[in-house]
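A quick write-up on the structure given underneath.
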Amino acid sequence: NSFCTLLAFARGPRALGMARDDPMWAVALTTIVSHVAVVPALSMLLRRRWVFEFAVGGFCFLASFLYHMSECVGDRFFLTELQWHRLDNIGAIAVFGGLFVYLSDIPPDPRHPHHPALLHQLLQYAVLFLSIIAQEPDPWNEVYTVVPIAAFALLPVISHVAQGRWPRFVWRNAAIGFALVVAGAFFFALGLDDANDPFRAYHGLWHLLAGGGMWWLWQVVPYTSPHPLARHVRPPAPATKPVLRMAEL
């Protein structure tokens, strides 16, 4: 979703506690409260009943939230800070993968026009499982986060070339969304140097900008039938004859 979608550029492990002597309340404000930026995107996914996308985004939201909670208080919340961080990375890669599957705009099966295509569903689970596998060898090696996302980014290109058509995107939404995410990534990179990120403000800006960007990016493909994800569209209910009660006979 969501704010945590570009956490694919994961940092290496940090010691528990703050790298600076910043007040805990200030760091909590920038790294925890800033998670509110992803709520609109998650809410939109839920309203559209896109269960897979909402579940992956919600998992990433929860992992990131608890990671930063552990980071602020210097204590574990069932898992340690680094364990939540690793799950956060997995969720981030999977969110990006799900986004690129969505941008692939795979047409539905004509026999089931109100359900996503089988290939679309298979790709969703493929990117999720590949995200988990990618973090197993070395979760603090950026190669195992950047390469999977770069590979997933090819999905829309391959899909549209195979379909022989130009993307039917809302380009305004794409421009705004990617601009916000890229700006967020810039501040994320600045925040990698903890010693020069006062109150972790750069990282908080990453949350705000990326979260806002995801709200726009999930609206790039027109949300109308026969879009493969237009599960909200229902065929009209068959007409039924009124039932006469015995008193009316």
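Quick reminder: no glycine exception, Cβ is built from N, Cα and C everywhere.
A Cβ distance under 8 Å defines the sequence-distant neighbours of the transmembrane segment (25-43), meaning residues of its chain 6+ beyond its ends; these are 1-4, 18, 54, 57-58, 61, 64-65, 68-69, 71-72, 199-201, 203-205, 207-212, 214-215, 218. According to TrEMBL, the transmembrane segment annotation covers 25-43 (among others).
Annotation source TrEMBL lists transmembrane segment at 50-69 (among others).
Residues or ranges marked as transmembrane segment in TrEMBL: 89-106 (among others).
Positions annotated as transmembrane segment by TrEMBL: 118-137 (among others).
Packing against the transmembrane segment (143-162) from elsewhere in the chain are residues 8-10, 89, 92-93, 96-97, 100-101, 103-106, 123, 127, 130-131, 134-135, 137: each is 6 or more residues past its ends and has a CB under 8 Å from a CB in it. TrEMBL lists 143-162 (among others) with the feature transmembrane segment.
Residues or ranges marked as transmembrane segment by TrEMBL: 174-192 (among others).
Residues 1-6, 29-31, 34-41, 44-45, 48, 53, 95, 99, 102-103, 105, 168-170, 173-174, 176-181, 183-185, 187-188, 191, 230 of the same chain lie 6 or more positions beyond the ends of the transmembrane segment (204-224) yet place their CB under 8 Å from a CB of it. As annotated by TrEMBL, transmembrane segment applies to 204-224 (among others).
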